[in-house]
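Scroll down for the structure; my scribbles are underneath it.
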Amino acid sequence: SSFFYRMGGRNETKVMYFILLGFPTTAELQLPLFSTLLLVYLLTVLENFLIILIIRNNRSLQKPMYFFLGNLSFLEIWYVSAIEPKMVRDVLSHDKRISFQGCMAQLYFFVTFVCTEYILLAVMAYDRFVAICKPLRYPLIMNHKFCAQLIAGCWMCGLTTSSIKLSFIARLSYCDVDRINHYFCDISPLLNISCSDSSLAELVDFILALMVIMVPLCTVMASYMCIMLTVLKIPSSQGRQKAFSTCSSHLAVVVLFYSTTLFTYAHPKLMYTYRANKLVSVLYTVVVPLLNPLIYCLRNKEVRFAMRKTFTCRR
């Protein structure tokens, strides 16, 4: 999986591919696990595609809130597609190799999508803040141009963060260690198996992770504190319930995504020493993307009504 080359009068090792160990399974469990993971992946893609279709085909959902939701669904289709097809294949395959370039590409796209989702969820929280706390100015503030700029900003931040992280991780040496104790190429296992000094790469990763996680998290918390204060001032209980129902779905998604990823990326190399890291990774790469569309559909009356209308019209 590696070859030697000379550089500066000394031998260096170039890793050609990694072996993803994934989850240890028995022969009897391989087929059920393969079927379950494949079904979950297909359902996740289908659910998010349906949300995009419903938002696009219903005039009642042509609002900033649903514009962001459609972008979240688009993001999550690519987010799961960067990891799950390879993971599903490896359950049955004896050849669990992934090339060095393939590993770096998977890491790049995964980090891009994760970082973009962090910022997008913060943007969605800000949208709810403006809608509830400044309802009269909402159409003026959250106009189409500003919403498009916010989405572009989310993607630019995600792509930039991923590029900086990858530029440090791709330069590390991996010597003869080519086994990754994970089911996809993530930052923490790559830092863990590197035989060169990874302290700078780890520091850069930690600082960027802190910025990408904490700044959006503070935005979400500040937005919901203002929302809570505004909602409590509403005199009728029905009015309070209606105001809070517009952001309850988003709050549930934020809690699920932030809590699972924060556990993993708080200190990547340190946290990787625990086996729980791999199990938590399943939550935010498999379970959370599957649940997000269900949360938005089940808890949002407008989406449910638009869904019934779409399928009734099509029939």
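Each Cβ is built from the backbone N, Cα and C atoms, and glycine gets one as well.
Over in TrEMBL, the protein carries these features:
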- 47-296: domain 'G-protein coupled receptors family 1 profile' (DOMAIN)
- 33-54: transmembrane segment (TRANSMEM)
- 66-85: transmembrane segment (TRANSMEM)
- 105-126: transmembrane segment (TRANSMEM)
- 146-164: transmembrane segment (TRANSMEM)
- 206-232: transmembrane segment (TRANSMEM)
- 244-267: transmembrane segment (TRANSMEM)
- 279-298: transmembrane segment (TRANSMEM)
Segment-segment contact (the transmembrane segment (105-126); the transmembrane segment (33-54)) at 3 or more Cβ pairs under 8 Å: no
Segment-level pLDDT (mean, integer) for the domain 'G-protein coupled receptors family 1 profile' (47-296): 86
Positions on the same chain near the transmembrane segment (279-298), where near means CB under 8 A and six or more residues out: 37, 40-41, 43-44, 47-48, 50-51, 69, 72-73, 76, 79-80, 83-84, 182-184, 186, 249, 252-253, 256-257, 260-261, 263-264, 304, 307
Same-chain residue ranges lying at least 6 outside the transmembrane segment (33-54) that approach it to Cβ under 8 Å: 23, 25, 61, 69-70, 73-74, 76-77, 80-81, 84-85, 87-88, 91-92, 286, 289-290, 292-294, 296-297, 303, 306-307, 310
Same-chain residues at least 6 beyond the ends of the transmembrane segment (146-164) whose Cβ lies under 8 Å from its Cβ atoms: 64, 67-68, 71, 108-109, 111-117, 119-120, 123, 204, 208, 211-212
